[in-house]
Each structure stands twice: as structure tokens, then as C-alpha cells.
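Feature list (source: TrEMBL):
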type     : residues : note
TRANSMEM : 55-73    : transmembrane segment
TRANSMEM : 85-105   : transmembrane segment
TRANSMEM : 148-168  : transmembrane segment
TRANSMEM : 189-210  : transmembrane segment
TRANSMEM : 216-235  : transmembrane segment
TRANSMEM : 247-263  : transmembrane segment
TRANSMEM : 275-292  : transmembrane segment
Amino acid sequence: DIQPACLGLYCGRTVLSINGSLEIYGECGVCPRGQRTDDNKICRECVGSPDRYDWLYLGFMAMLPLILHWFFIEWYSGKKSSSALLQHITALFECSIAAIVTLLVSDPVGSLHIRSCKVKKLSDWYTMLYNPSPDYITTVHCTHEAVYPLYTIVFIYYAFCLVLMMLLRPFLVKKIACGLGKSDRFKSIYAALYFFPILTVLQAVGGGLLYYAFPYIILVLSLVTLAIYMSASEVESFKDLLVRKKRLVVLFSHWLLHAYGIISISKLDKLEQDLPLLALVPAPALFYLLTAKYTEPSRILSEGGNGH
């Protein structure tokens, strides 16, 4: 009671020792890693576990490098090489192993479960912006990971993804990508060396914003990319889809993303209300196929010419 007030939104006192029912606290400052302040400004251990939405967020952040890997592998392979499928499988293997290793090295070590602190508000992701200055001269630095470990675990995962890619992919590509030129066969790896730093900066700056917005980002991007792909592939009917198996794979992949976005928004809190929403997953593709013939540019131009 006689200690001075602990200022700042995220400053707290660490528990130095416990004497029976009496706790002895340290000075007001930053909480150790794996702890965050409670309502009484005391640093408490994170003993909870991520809820369903937290796992969906981590799944989204884990999918980003995999989707980018697949995109650039497909982009640079083109029609010249039959090695794209094996590279896709290798990328999936790399990201899966990286995710498992990341969970194993997280606290508690050796377990696929992780302990975490609950996310209460957006500012929990940006504690560095809330360091108090009691005398307007000296700043008390209380920056710590209030959303432990949702912020740093993504960086650890990206690091393992990058290491595994550098260990496995160059040898694989050198062996199998014979249909490509020497300069082209490693381009998908070079692309990864660009997008991993971009993803890292994205998580560092916008991790909190992504946490709240990722379900809507998934839905919008999956809709836009599906429309672009079907338009570029000149898919105008169900028959066009069945001509090549690759188009069906792309379609089902987008449907899975749609379903993931819907589940993330609804959180499946009320199954009887939320599960029927999954019936909307094929709706955008069906709408595109039913209306594509009416929006064909050549047909619009020809009808416009006939009108004149």
C-alpha cells in the first residue's frame, strides 16, 4: 500500500518471493518474458492456452509462406517443367516440419501444446507505444510480449521455414528441374528470399491488425484471386473446368480458403447457426460460371457493333 503507483498501461511488479500468503514484489518495470500484468499491476505467468481464434490466426500466418511458395513455384515452372508437383510437395513438407518444430521448441518445450496470455485488446500487440514518462524526461521502458507467444512464435516459424528451404530445396531443384534453364530453376527460391523478409516486417508492424482482420483478408483475397485465375484461364463453363485437373485443384484450394475465412469469422461458437454458412463456399465460383458468358468482352463488343 505504501509503494508508489505503478504507471503505464503495461508496467508491473514482479513477484520476488512468496512468504506463506504474503507476496513480496519488486520495483515497477517490465515483466519477464512469458508474463503479463494483471488488473493489480502484478506480473503473472501466462498459464492459459490459445483459444480457437488464436489457433486460426496462427494457421493463417503459417499458410502465408506456403501459399507464396506454391505461387512462385507455379509461376516460374510454367509449362516447361514437370517438376512443379514435387516442388509443391517439398514446400508443404518444409512448412509442416517448421510448424511442428516451432511448437516443440515453444514453452512447454517438447510438447505440441503452448501456454499463452489472452489477447484483450489491440494495444496488447504494441506495448512499445505505451512506455510511460512520469516526469516527461525519463521514460520507463515496459515493452514486453503481452500476447505471449502469438507475436514471436511467427518469427520463429519463419526462421525455421527459411532454414529448411535453404537446406532442402536447392538440391532438389538442381536434380529435377532439368526442363528449366540454369537461371530459371532457382527463381522460386530467390523469390522466397524476398518474401520472407516482407512477411517478417508485416508481422512486426501489423501483427495486431492482422490478428483482427485476417478472416476478412482471406475472404477478399481468395475471391479476387479466384476471379483473376478463372478469367486468365478462360474458364467460362463447368466443361472448361473439367478439361484440366489443375483447374479443379485450384478451385478446391480456393474453396478451402473460403471455408477457413468463414470459420474464422464465425469461430463456430454456435454450430447450428455457423455450419450452414459453409454452404456459401461454392457460391462465388458458381456465380462466376453462370454469368461469365454474359460478360465476355468479345461478345459485348460485337453486340455493341451490331447495335451501331
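Cβ coordinates are placed from backbone N, Cα and C, and glycine is handled just like the others.
A TrEMBL annotation is a machine prediction, not a hand-curated record.
Listed as Cβ neighbours of the transmembrane segment (275-292) (distance under 8 Å, sequence separation of 6 or more from its ends, same chain) are residues 223, 226-227, 230, 235-238, 241, 251, 254-255, 258-259, 262-263, 266, 268. Non-local neighbours of the transmembrane segment (85-105) in the same chain are 62, 65-66, 69-70, 73-74, 77, 111-114, 153, 156-157, 160-161, 164-165, 168-169, 172-173, 176-177, 188; each lies 6+ residues outside the stretch with a CB under 8 Å from one of its CB atoms.
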